[in-house]
Amino acid sequence: MSLKLLPEESRPREKLLTRGAKALSDAELLAIFLRTGIKGMNAVELATHLLAEFGSLRALFAADQTLFCLHKGLGPAKYAQLQAIIEMSQRHLEETLKEGDVLTSPQHTRHYLSQLLRDRQREVFYVLFLDNQHRVIAGEVLFEGTINSAAVYPREIVKRSLEFNAVALILAHNHPSGVAEPSQSDLRITRTISDALALVDIRVLDHFIVGDGEIVSFSEQGWL
């Protein structure tokens, strides 16, 4: 059935405008993104079908271009559109993070790092550079590796920190396996980085490991 034949209050776009985005199901939200259906399926039916094939919105968002474009109703234009939406969302979170003290909003910091790193297919090492008020100067992926490791060079972290005139750092990396527990290598490199930065009076405030739905804080565990 065409969405135009549905009562106005049941159409996803109109429902969002009158009741807000929270009132919509995943399929209805995805239908607004899709805008149109395909032969034999309206936008909501196509969205429901795609969610069943991918398993979740998260899996759809994390799909690479090749996998994404294999599905009917999706293609390079939709993939580019989705990546733009994801990037805008991440930049919004980063802007919000920069507006405050990361130590007074630890949950927001966790949420930002989770959104940024959780679904990466390769291990990446990310650094938040902070000023003397613990406000974010910048955040950067400094190293990217394979599915289970990333080579990290403390000298490069020190160099970049001095370039930003940072006073403190928050380190983070993901475990694509989904398990957020640190390895012995994680513990060693964190101590090496912390010691190297201490020589130039820069503190490591925390190191987060991002897994599948969980984040482990070195500071909270007493490892820093």
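Placement of Cβ uses the backbone N, Cα and C atoms for every residue, glycine included.
Owing to the predicted nature of the structure, the values given are computational and were not obtained by experimental measurement.
As recorded in Swiss-Prot:
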type	residues	note
DOMAIN	102-224	domain 'MPN'
BINDING	His173, His175, Asp186	Zn(2+) binding site
MOTIF	173-186	motif 'JAMM motif'
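His175 (Zn(2+) binding site) carries neither a helix nor a strand DSSP state and counts as coil. Within 8 Å of the Cβ centroid of the Zn(2+) site, not counting the listed residues His173, His175, Asp186, the chain contributes Glu123, Asn174, Ala180, Pro182, Ser183, Ile209, Val210. Shown for the domain 'MPN' (102-224): DSSP residue counts in helix, strand and coil, namely 41 helix, 35 strand, 47 coil.
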